[in-house]
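*Asks:* Below you will find the structure I want to go over with you.
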Amino acid sequence: MTTAKINLLDFDRKGLRAFFSEELGEKAFRADQVMKWMYHFGCDDFDQMNNINKKLREKLKHKCEIRAPYVSEAQHSSDGTIKWAMKVGDQDVETVYIPDGDRATLCVSSQVGCALECKFCSTAQQGFNRNLKVSEIVGQIWRAAREIGLEKETGRRPITNVVMMGMGEPLLNMKNLIPALEIMLDDLGFALSKRRVTVSTSGVVSGLDQMTGKIDVALAISLHAPTDELRSQIMPINDRWDIDAFLASVRRYIASSNANRGRVTVEYVLLDHVNDDMDHARQLAELLKDTPAKINLIPFNPYPGSPYKKPSNSRIDRFMKTLMEYDYTVTIRKTRGDDIDAACGQLVGDVIDRTKRTKVKQQGEAIPVKTV
C-alpha cells in the first residue's frame, strides 16, 4: 500500500514549521527555506532547492510533494482577461486573471460550486460539491503566477491583488480560508499587502465574526438589496442572517481592521426592474448610514437560462447619481471577460452537484442554508 505524500502547499508557515519539527525532525529555518522556494520562486522540485542539504531533499522527496491545481483549459478575452479552468481532484474550478493598468487582479475560488443559491449567480445554479483545501486555494495563485511567468514575452503584469470572489462562499470554508490568507500575506508566501487581498461574503455572520481580530484583509460584502424582503427573494442566506445582523457583524470587523481604512466595500448587482429603482437607491443610502461604505455597482452579467437582465445605461446612471446625492463614493464595476463568461456571476466550472438540490427542487421544498 502506497502512503499518500503530504502536500506542502497545505501548510501556512506555522503549520509547515510544526510539520518539519514533528514529522521530519528538522529545525524551523529549514521549513522557512522551503516555503521561500515554493512561493518566491514557484519551485515544485526539491532537487532545485540548492540551499537544502541532499539528505533533507531526499527525505522531502520520499514523504512530501508540492502540488498545485493544473490548468485544464485557458480562455483569453479580447480585453486581456484570462479564465483558467483548474483541475482539483476530478473537477474544475475557475480562476480569473484581470489586468488593469498597473495592477493585475486574480479572482480565486474557495469551493467547488456553491450552496447559497443566490438567484442571479450562475455558480449557484450548479450546486455544491465540497470545500477547497488550502493547497487548492493558494495553488490557484501559485499556478496562475507560473502561467503568467511563462508569458513574460507578452508583457503581462505579475499578480498584484487577490480577491476571494470566485466560485463558492469563502466564509463557509473557514478551516482552509484562514491559513490560505495567512500564506497570501506572509513575507515567505506571496507577500501581498493586506489591502491587496479582499474577501467577499454574502453574509455568513458566524464566519465574519471568526475573522474579526484574527485576520486583517480588505472586506467586500455582497448586499444586492436594501430590504430584507427583497434580499430574501434573491439571496436565501438572508433568511439565516438578516441585513441588520449582517451589517452589525461588518461594523465589528472593520472596527478591528486596518486594511479597510474604516469602511467596507458594498457590492450591489443591478438587476433590471428588480432592485434598481430610485426608491431602492434611496433605501440603500438610508440602510448604510451607520456603516461607513463605498458602493460598487455591478451591472448584471447575463448567462444562459437566467431570468434577469442588465438594466439600461440610463437606469444604472440614475441609480448611481441618487446614491451620490447622499455623499457616498460610488463606482460602477467595469465588465471584464464577459466574452469568455469570466465576468462577475458567470463562473461555473465543472461541478457534480452532491447536494440534495435537484431532488429538493423536484419536491418543491425549501433548501436549507449551510452554516459554518
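Placement of Cβ uses the backbone N, Cα and C atoms for every residue, glycine included.
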*Asks:* Given Swiss-Prot annotates Gly168, Glu169, Ser222, Leu223, His224, Asn301 as S-adenosyl-L-methionine-binding, which of Ser193, Ser200, Ser249, Ser256 belongs to that site as well?
*Replies:* Ser200
*Asks:* Which residue, out of the recorded positions Cys107, Cys114, Cys118, Cys121, shows the minimum number of other Cβ atoms inside 10 Å of its Cβ in this structure?
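*Replies:* Among the recorded positions Cys107, Cys114, Cys118, Cys121, the lowest count of other Cβ atoms within 10 Å belongs to Cys118.
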*Asks:* Give me the CA-CA distance between Cys121 ([4Fe-4S] cluster binding site) and Cys107 (disulfide bond), in Å, as a whole number.
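*Replies:* The Cα atom of Cys121 ([4Fe-4S] cluster binding site) is 15 Å away from the Cα atom of Cys107 (disulfide bond).
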*Asks:* In whole Å, note down how far the CA of Cys107 (disulfide bond) lies from the CA of Cys118 ([4Fe-4S] cluster binding site).
*Replies:* 19
